[in-house]
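Participant: Found this in Swiss-Prot, in case it helps:
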BINDING   Thr7, Gly8, Ser9, Ile10, Gly31, Asn33, Asn111, Glu113, Gly191  NADPH binding site
BINDING   Lys112, Ser132, Glu133, Ser162, His185, Ser198, Asn203, Lys204, Glu207  1-deoxy-D-xylulose 5-phosphate binding site
BINDING   Asp131, Glu133, Glu207  Mn(2+) binding site
Amino acid sequence: MVVLGSTGSIGVNTLEIARRYDIEIEGLVAGNNYEVLNAQIKEFKPKYVVVKDLKTAEKIDFPNVKYGEEAVLDMIEKSKSDLIVNALVGDAGLRPTLKAQECGKKIALANKESLVNAGKFIDTSKITPIDSEHFGLWYLLIEKCRVKSEKCNVKKLYITASGGALRDWSLEDIKKATLKDVLKHPNWSMGVKITIDSATMVNKLFELLEAKWLFDTDKIDAFIETKSIIHALVEWQDGSTTAHISKTDMKLPIAFAVLDEVNDEILSPVNLLEVGGLEFRKIEVEKYPVWEIKDLLLIKPDLGVVVNTANEFAIEKFLEERISFIDISGIILKAVQKFENVNINGIDDVFEIKNEVRKWCESNFV
């Protein structure tokens with residue numbers, strides 16, 4: 001297989017599964033973490049290696065290292081692997097997903113932005129999500145429904161949220177939250193962007209939109225489960241509800257995404273007696289302002305590209321300490337208000353609208 005984003009948390013866990021099951025790694029793509037990448041190259045001996053830029057490429061111990069987005073797309077086209085694992089962060093993952101689809105590859109997808117930006121143009125039958133929530137839904141639905149929930153007696157799908165690092169903070173304290181505060185996730189160890197997205201609840205907005213495309217339904221909602229051991233639930237027409245429970249470890253969804261069949265123990269089971277009580281909370285708009293647009297986003301999924309672009313802009317400015325944490329949500333909501341009537345008819349529209357939203361954000365904020 002080919003692993004895009006090999007030095008991030010998903011990529012590292014993917015290679016751990018590859019190591020365990022002796023899966024050949026044809027290609028590695030990474031950003032600028034050259035030390036981890038060099039160790040991966042030494043162990044897995046890939047045929048292709050691509051990094052973000054020339055500066056990083058000069059530090060890579062590989063005779064024919066390439067750099068840049070075009071090199072990633074070219075590698076996908078040249079590769080003989082059937083499976084592409086896309087664990088790139090943010091918009092960098094969109095074109096590789098489209099290229100992999102064009103080449104008829106199977107895609108193990110951890111890059112949320114691909115479906116958020118361009119879900120209507122992606123054949124989800126070739127995609128397996130690397131995501132605890134969507135994996136949980138798939139696990140609950142696969143036997144009974146063949147994944148498409150409209151074809152069986154599903155009443156509603158639910159995914160859970162941790163609530164992020166500021167979950168137990170007062171509204172007044174949230175206004176003063178620093179980057180260091182926001183990155184202290186209570187349950188998961190993740191990258192910077194997704195940890196911020198967890199704190200704003202943008203991550204869960206994206207996951208609802210992903211679920212819409214993956215499971216072909218608008219009957220999807222979310223709530224907070226504070227221990228993050230229940231990842232997804234299915235509410236059935238007969239009144240019963242089933243839940244997917246597992247530890248907070250991405251190796252389980254990764255294993256199912258990259259292996260045709262999983263019979264081994266990937267994780268030890270959750271000991272429910274040790275867990276004790278579980279706590280469920282409503283996602284409050286007062287604490288998570290972006291939740292205000294949840295229903296609108298499902299009705300008008302073209303807005304996904306607006307939310308994503310405004311969010312990426314806002315996170316950049318937050319990381320530069322030029323805006324506050326609560327400004328992230330404010331910028332997103334104002335962008336949605338400005339571009340509410342956006343209409344995407346082709347993949348080129350996605351990139352045009354991204355540019356338009358980005359320019360608007362740059363001229364109106366900071």
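Along the chain as shown, the residues are counted starting at 1.
Cβ atoms here come from the backbone N, Cα and C positions, even for glycine.
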Participant: According to DSSP, does Asn203 (1-deoxy-D-xylulose 5-phosphate binding site) fall in a helix, a strand, or coil?
Facilitator: helix
Participant: Can you name every residue in this chain, apart from Asp131, Glu133, Glu207, with its Cβ inside 8 Å of the center of the Cβ atoms of the recorded Mn(2+) site?
Facilitator: Lys112, Pro129, Ser132, His134, Phe135, Gly136, Ile159, Glu210, Ala211, His231, Ala232
Participant: Quick one: of Thr7, Ser9, Asp131, which binding-site residues lie within 10 angstroms of Glu207 (1-deoxy-D-xylulose 5-phosphate binding site), measuring between C-alpha atoms? Sequence order, please.
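Facilitator: Asp131, listed in sequence order.
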Participant: Using other CB atoms within 10 angstroms as the count, which residue among the binding-site residues Lys112, His185 scores least?
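Facilitator: Taking Lys112, His185 as the binding-site residues, the minimal 10 Å Cβ count falls on His185.
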Participant: In sequence order, which residues at least six apart in the same chain have a CB under 8 Å from the CB of Thr7 (NADPH binding site)?
Facilitator: Ala30, Gly31, Asn33, Val36, Leu37, Gln40
Participant: How big is the Cα-to-Cα gap, in Å, between Asn111 (NADPH binding site) and Glu133 (1-deoxy-D-xylulose 5-phosphate binding site)?
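Facilitator: The Cα atom of Asn111 (NADPH binding site) is 14 Å away from the Cα atom of Glu133 (1-deoxy-D-xylulose 5-phosphate binding site).
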Participant: Let's check the environment of Gly31 (NADPH binding site): how many other CB atoms sit within 10 Å of its CB?
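Facilitator: So the number of other Cβ atoms within 10 Å of Gly31 (NADPH binding site) is 17.
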